[in-house]
Structure formats: C-alpha cells, structure tokens
Amino acid sequence: MDATQFNIFSGSFFGNLLTAICFGVLTIQTSSYYHAFPNDGRSVKLVVGFLWTLEAFQLACVTGSLYGWFVTNSHDPLARAAWDFTIFQVSAVCASVTVQTFFAHRVYSLSTNLYLGALVQVLVLVQFGFGVGQHSSSCIPWTLTDSVPIKSIFWHAAATAVRSNTVLTFEALVREWRWLAVSWVAMQAIADIVIATCMCLLLRRRRTGFQMTDSTINRMVLYTISTGLVTSVLSCILLGVFARYGFDFTVFAICMPLGGFYSVTMLANLHTRKGLRARLDTPNPLELIGSSIKERMGGIGGIIAMKGGSRLQG
C-alpha cells in the first residue's frame, strides 16, 4: 500500500470511527435535551432534530461507502464511484452553518445590535458559500476510464494518484480547487473565533457586581470559550494540515467528524442552561437588586430560558 492509499483508507476509517463516537454522544445529548427542556421553542427543537438526522445520514452513507471499499469491491476499491463517501463534506457545511447561525442569533440577543448580529451572520454565510462552492467543484463530471464515471474531482484525483503512483498527478488535479477548501476552513475558524469573542465580551459587560450573578456570568463565559474553542482548534489544525500536505491522513480523520463536533458542542451549550438556571432561580437574585441591574441581566435570562421556556422572574 502506497502513501496515498494509506492516507485515503486509514484516514477515512478513523474519521468514520470518530463520527460514530460523535453520533453516540449526540444521540444521548438529544434524548436528554428533549426530556430536560420540554418548554423550549419549536425552532430550537427542530434544529436539534435536524442536526441528529444529519449526523445519522452522514454515518450511514460513509459506512456504506467503506463497506463497498473493503468488502464488496475489495479487489479494486478505487474503481467504485462512491458518491456517498463525499457526503461528509455536505454534512460538515450544513452542521457548521446551522450551529453558527444559532450562536449568531445569541450574539444579537445579547447585544441587541442589529449591525453586530448581521456582521456575524455574514461571516457564517461566507463560510457556507465557500463550503458549497468547494463541494460543487468536487462534483464536476470526470471519468476514471471510458466506462467508469466518476462524479467527484477528488475521487478522480485520488484514484489517479493511487493507480499511477504519482503524487504530482494528484496535486495537479486538486490545485485548481484547493483554494476553495482552504478558504472554507479558514472562514469556519474565523467565524468560530468571532462568535466566541463576541459572546465573551457581551457577557462580561453584563456583570452586576453581585457575587451570584457574576459567578453565573463567569460560568457562561467559560462554557462559551470551551465549546467554541473545540471547533476553532479543529478548524485551525485542519487548515494548517490541508494547506501544507493536501489530503493527508489527518485531514480525513478531522474533517469527517467535524459536523458532529459542531452538533455536540451546540447540545453541550444547551444543556448548561439547567445548572445556570438553578443558580439564578434559587434564591432569585433579581428580587434583591434594582431595575437597572435587571435590565442588564435580561438578555442573559433570555438565553438561559430560551424562546418558549420559563424565563427569569423579577
């Protein structure tokens, strides 16, 4: 097995394994969410259900593709035009834009600044555009032979490189659209960092001077940093490895479960509200402070309760 085959097969195997782990975690989170937050708005519940369905679809498609490689077509795996293998690109793009849009709305809710919310959303849509463009460019019709249609420029490049043992051929075919993939991952990282930074700054501005409420805000800042840091670091690693080495083992191992990581971080963020709500409700600190402080805490109360849920009283 040459280096290109190793990168494709082993990277895809471990990437799909991580995807399965993320799906298991996401399934538990989704079930717990629907039981713990029955009063959340319908839109939030639909987003959670959509993310779970998206991850299940990706796992089924990529697993089926790997089964075709290693079992039904093991004698010549790269001769199979596996459209289902590239579905992880669609899943990652859809999951990232969904989760980032959710947090962009939170930025707007905290700031009540339409321009700031619009700026964050523009960054999200730009990365979505690069992601769609990157996947569209990888679906240009190509042929491996006269009788085997290949519907992915990536697949044609990988198959050609393996069959000819020529890395230059692979690089030459990928070079024309690599900039789209690099731009997509770079914009993902930028959007994640901007969202996490805005959330942290906006939360810190709502400090009240009261120990309990400030402690809750500090926890929210910590949760925001920790959840946003996961996807930001993964995107930065993916960007660096892909820009330097192209389709390396690490690229497949990280990119395939990337959509799952976005979904898991969003569900983790939603679940933190239960503990935060308990800290603010017992005893209710807003009964002890003035109306100006209540106004400062209002945006945070809305985020903790979510649309459709029980809000903080005061």
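Yeah, the Cβs are placed from backbone N, Cα and C, and that goes for glycine too.
Keep in mind that TrEMBL annotations are predicted by a computer and have not been checked by a curator.
Database features (TrEMBL):
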DOMAIN    189-274  domain 'DUF6534'
TRANSMEM  6-26  transmembrane segment
TRANSMEM  46-70  transmembrane segment
TRANSMEM  114-132  transmembrane segment
TRANSMEM  179-202  transmembrane segment
TRANSMEM  222-243  transmembrane segment
TRANSMEM  249-270  transmembrane segment
Leading contact stretch, 6-26, 114-132, 179-202 vs the transmembrane segment (249-270) - CB distance under 8 Å: 6-26
Ranked first among 6-26, 46-70, 114-132, 179-202 for CB pairs under 8 angstroms with the transmembrane segment (222-243): 179-202
Stretch-averaged pLDDT - the domain 'DUF6534' (189-274): 81
Top Cβ-contact partner of the transmembrane segment (179-202) among 6-26, 46-70, 114-132 (pairs under 8 Å): 114-132
The domain 'DUF6534' (189-274) - residue tally per DSSP class, helix then strand then coil: 75 helix, 0 strand, 11 coil
